[in-house]
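To start, the structure itself, in structure tokens.
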Amino acid sequence: MSIAALYVLCRWIHFASALQIFGLALYVGWIAPPKLRNGLEKQLNPLRGVCLRLCALSSWLIVALQAGLMGDGWGDAFQPMIWLAVMQTTFGEAWLFQLIFSSLLVAVLCLPAVMRREMLIILAFALLVTLARTGHASAEQGVLGIVHRLNNGVHLLSAGFWFGGLVPFGLCIKELQRQTAAKNFAMDAVIRYSRWGHLAVAFVIVTGMANTILILDHWPLDFNSLYERWLWGKVLLVAAMVAIALYNRYRVVRSIGSNRQQAFILLARNAAVEWVLALLVLAAVSFFATQPPI
């Protein structure tokens, strides 16, 4: 595998794990009622642990791969002096926060439950906000640069809430299917996620459109451009996610009264489909974000 291909793969892993961490932290520490949090957190611990470690590992690998891309290939990717040179660039100054926050996120697993949940939300928030300073958003200076990074930050936070909350949402739906003692708390969590999800989806769409204009300075209508073709691929995948979310909210949810079990099965299945589509969106972004926007 080439350095460029591995770099795209690591970007995908890093963004996906960072967004998942934020969504899990918010769902467990804020969306879920207090009496549901312990049980839900236990079910999510394996996924969270994997994401935390992948996020930290990928953040360091990206520095090494960036060194190889800036230098003469694989040989320079393993040279500490080249790493230091990378960290002195605009990319390095922005990426330093990824190294710090992704490492701290792993460390907070040692904290007591309540403090751990609070710190996971705070650090995951910081991870995404600082991630907004990387990529094409880092190329602009002045007021426009600040606006672009703020917009990108809102985009990532909203996407993290939506994508990152799909797995715990699915677990809560399964809790409702089993008719356990926690079903009332699970229903509260499902309702809260759905309500706030409307806002998150709207922000993803609006800030995504704004990012496109800020980067391209025009609507992406040049299909001779590799960047714009892949951007449209992302748009279509997000549109599919939005369609599923709307179908869940305004068709499936309304059928709960007449066919409860079938509605819950559909909600859980559709959430899983949305999650897979989101991974494809992130894969597309990880590739075309490394391309010149021309």
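Each residue, glycine too, has its Cβ placed from N, Cα and C.
Annotations in TrEMBL come from automatic prediction, not curation.
Copied over from TrEMBL:
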DOMAIN    189-287  domain 'Copper resistance protein D'
TRANSMEM  12-33  transmembrane segment
TRANSMEM  54-75  transmembrane segment
TRANSMEM  95-114  transmembrane segment
TRANSMEM  121-139  transmembrane segment
TRANSMEM  159-176  transmembrane segment
TRANSMEM  196-219  transmembrane segment
TRANSMEM  231-250  transmembrane segment
TRANSMEM  271-289  transmembrane segment
Can you break down the domain 'Copper resistance protein D' (189-287) into helix, strand and coil residue counts using DSSP?
86 helix, 0 strand, 13 coil
Close approaches to the transmembrane segment (12-33) from elsewhere in its chain (Cβ under 8 angstroms; 6 or more beyond its ends):
40-41, 44, 47-48, 50-52, 54-55, 58-59, 62, 98, 102, 105, 117-118, 120-121, 124-125, 127-128, 131, 156-157, 159-169, 172, 185, 188-189, 192-193, 196, 279, 282-283, 285-286
Within the same chain, where does the transmembrane segment (95-114) have neighbours whose Cβ lies under 8 angstroms from its own Cβ atoms, ignoring anything closer than 6 residues to its ends? I mean 6 or more beyond.
14, 18, 21, 38, 41, 49, 52-53, 55-56, 59-60, 62-63, 66, 87, 120, 123-124, 126-127, 130-131, 133-134
